[in-house]
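Per Swiss-Prot, these features apply:
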type: DOMAIN; residues: 140-346; note: domain 'ATP-grasp'
type: BINDING; residues: 173-228; note: ATP binding site
type: BINDING; residues: ASP299, GLU313; note: Mg(2+) 1 binding site
type: BINDING; residues: GLU313, ASN315; note: Mg(2+) 2 binding site
Amino acid sequence: MMKQTIAVICGGRSGEHEVSLTSAQSIVDALDRFRFNVLTIGIDRHGAWWLGSNVIDNLRKGQQPYGQRVYFIPDPTCPGLIEENPVTRKPVPVDVFFPVLHGPNGEDGTIQGLFEAANVPYVGCGVLASACGMDKAIMKALFAQSDLPQLPYLVVLRNRWESAREQVIDEVEDRLGYPCFVKPANMGSSVGISKATNRAELVAAFDDAVRYDRKLIVEKGINVREIEVSVLGNDEVVASVPGEIVPAHEFYDYDAKYAAADSRLLIPAPIAAADVATFQEMAIRAFRAIDGSGLSRVDFLLDKNSGEVYINEINTLPGFTSISMYPKLWEATGIPYGELLSRLVDLGLARYREKQRNATERLPRL
């Protein structure tokens, strides 16, 4: 069988640039070399695309040139990558693109739209699901429409915070109380999230979060366990065994995810068998609520006092580092890391083939 060429894309103009590089390195190392030729494309913090086997390491070190400069051409008649060469403009053939771009410009539908314009296969959720999964305000509205239980929350725009902060504080205290969490609506990996237990901490939390986004989410805080479920599929969807995060810090913030060695992942989560099915069913409903495809990780909050389950959020491009929950949950469910990557590629190709069935011009009635 002829090998397929997979282009893993990482880095990007995002606060999660470093996380993306770490995830991508794990994927590049684990892709099946008997089936795939693997290319690595790094996007620097200015948005330039670089191709090379050492591009991840070069981006980490700031060692320029990072690799061979390339451009992506969103033209369905000659789609894909072109090397920067004013004479030859040599194309770089790619069968499937594997975006590993966490955060804005990567998992928000931006690069997915580029792939769609070029009509090329890619791994993961499409434009709509990616955009809805990135914007927590839209995500929560879709969850509400699907009758998925959520904790009380508010959406606050940056300009409202800057022009009427006293009113915002009063509204948060009246409707949510303390503790509460403030987070950017369009960031992942817990970047910019803070817990507030009083007014001074609330002000500091808002001032930090507005550095990352114009739209903020404020959620009521309760005493919870953090449960996560991995989802895999297109129209036919399966869910993994649930896992539990026991954070080293008070909550699972950026440092707890990527720096603290004493955060623990309990896989499978120590929950009742009946609750396992509940989490899995809700995870699949959340995935379908955003019209997901390929993969997602769905995060839940389990109230330690009442036992109530609340959906927290869906992550359409979860971390793939060696300590990331998404691949670990599938390993515990019976799908090893390398096989998981192959399945994701197959799902991306299947969705592409399904899309090619759609007419691009008006057809006569049957």
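Any Cβ shown, glycine's included, is placed from N, Cα and C.
In this structure the C-alpha atoms belonging to LYS215 (ATP binding site) and GLU313 (Mg(2+) 1 binding site) are separated by 16 Å. Under DSSP, ILE222 (ATP binding site) is assigned to coil, being neither helix nor strand in the three-state scheme. In this structure, the C-alpha atom of CYS180 (ATP binding site) lies 18 angstrom from that of ASP299 (Mg(2+) 1 binding site). On its own chain, GLU313 (Mg(2+) 1 binding site) has LYS136, MET139, VAL298, ASP299 as residues at least 6 apart in sequence with a Cβ closer than 8 Å to its own Cβ. Within its own chain, GLU173 (ATP binding site) has ARG199 as residues 6 or more apart in sequence whose C-beta sits under 8 angstroms from its own. Candidate binding-site residues: MET187, ASP208, ILE222. Nearest to ASN315 (Mg(2+) 2 binding site) by Cα distance: MET187.
The binding-site residues MET187, ILE222 differ in how many other CB atoms lie within 10 Å of their CB, and the one with the most is MET187. Its own atom aside, the Cβ of SER194 (ATP binding site) has 19 Cβ atoms within 10 angstroms in the protein chains shown. Using a 10 Å radius centred on the Cβ of CYS180 (ATP binding site) and all shown protein chains, the other Cβ atoms total 25.
In this view, ASP208 (ATP binding site) is surrounded by 15 other Cβ atoms within 10 Å of its Cβ, with every protein chain counted. LYS215 (ATP binding site): 18 other CB atoms within 10 A of its CB, across all protein chains. The Cβ of ASN315 (Mg(2+) 2 binding site) has 22 other Cβ atoms within 10 Å, all protein chains considered. Summed and averaged per residue, pLDDT over the domain 'ATP-grasp' (140-346) gives 93. Taking each Cβ in turn and tallying the other Cβ atoms within 10 Å, the top scorer among the binding-site residues GLU201, ASP299 is ASP299. Secondary structure from DSSP puts MET187 (ATP binding site) in coil.
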